[in-house]
């Protein structure tokens, strides 16, 4: 209320008297003027805006994410596009919720299923995207998970890995990305696919359902099984993006059966090799369910992207072109010893062929190069006269020694 009886009354905050302001509001032995009220209101509004801005994530456009992936990932154009759009929409959804615009509309989370052979780049795609967005990222192996009551990891331990990746910053963790690999290995037993282990089958799918769709989970900070008296960390998973991946070996046969195309007779193997990738692009939810994932679990993974088997040409590009290309890395390692490293084209082709023969894809390239480079990297630092090392096809195949160019004295 305004007080005009006592001329000594003044604002308790700015010290102005009642004659210098329009209004003085009285409290219990405290007074505040209209100017201080207006100032405090502005301060509060600014703080609220700043808090809201801090909740908003800076999201790259799908094109920007796609271009970033192209710097590191060779091939898989369709999968990269699908992943870029899905991740963009996911973080746009989080910003939409933080902005409190159209609160009567609820945008649901769209988790992602990546299907592709071993070494096709599923894990690397997810990892590269998370790094470009500067959000916490964790990788889990579905085969290590078991349902409650069995020996193994609780599904909540996946969230612990994300917390660790965010230095236990819960707010950052709640906007992170989790990649669960080998998801096809927890398919339930079915007449179409032989799965020997059911302990981590349908039961684990059921356990994963809640954290994938969004729940407040209790996470043991030290990991392991939960104990009644153990202090827990509460983490809300509604804004965590889950990307799950698996090879789904044999699912192309399920697709063929659905499409009514059975490959039999002479030349079947050649046709199979040529057509498997195209069949993988035709996968629908029905095929995944027939493989062994339960409908409820599939429903939480509305975006499905199939990765193609990497060709010899793809693997050579992976070896030489990306920013983190293995050949560039090994060249730099020898350059530290002032030695030039050269891989002949035939050597690169031989490395790619080995990876295909071993069915390891891009994942196996490093181990093959390590086999080739081990003795070289052991010997070179002790021989200052060596200035260049040349590796050809015979060296990769273990049939010859690398050519080493020497000078009388190394400068």
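Positions of Cβ are set from backbone N, Cα and C atoms, glycine also.
Straight from Swiss-Prot, the features:
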{"type": "BINDING", "residues": "11, 14, 33, 36", "note": "Zn(2+) binding site"}
{"type": "BINDING", "residues": "117, 118, 119, 120, 121, 122, 123, 124", "note": "ATP binding site"}
{"type": "DOMAIN", "residues": "1-52", "note": "domain 'ClpX-type ZB'"}
Other CB atoms within 10 A, centred on residue 36 (Zn(2+) binding site):
18
These are the binding-site residues: 118, 120, 123. Which one scores highest on other Cβ atoms within 10 Å?
120
Could you round the CA separation between residue 118 (ATP binding site) and residue 36 (Zn(2+) binding site) to a whole angstrom and send it over?
66
Distance, residue 36 (Zn(2+) binding site) to residue 120 (ATP binding site) (CA atoms, angstrom):
63
Between residue 122 (ATP binding site) and residue 36 (Zn(2+) binding site), find the distance joining the two CA atoms and give it rounded to the nearest Å.
58
At 10 angstroms around each C-beta, which of the binding-site residues 11, 14, 33 has the fewest other C-beta atoms nearby?
14
Given the binding-site residues 117, 119, 121, find the one whose Cα is closest in space to the Cα of residue 36 (Zn(2+) binding site).
121
Ranking the binding-site residues 119, 121 by other Cβ atoms within 10 Å, which is at the bottom?
119
When you measure from the Cβ of residue 124 (ATP binding site), how many other Cβ atoms are you left with inside 10 Å?
20
DSSP-derived structure type at residue 117 (ATP binding site), helix or strand or else coil:
coil
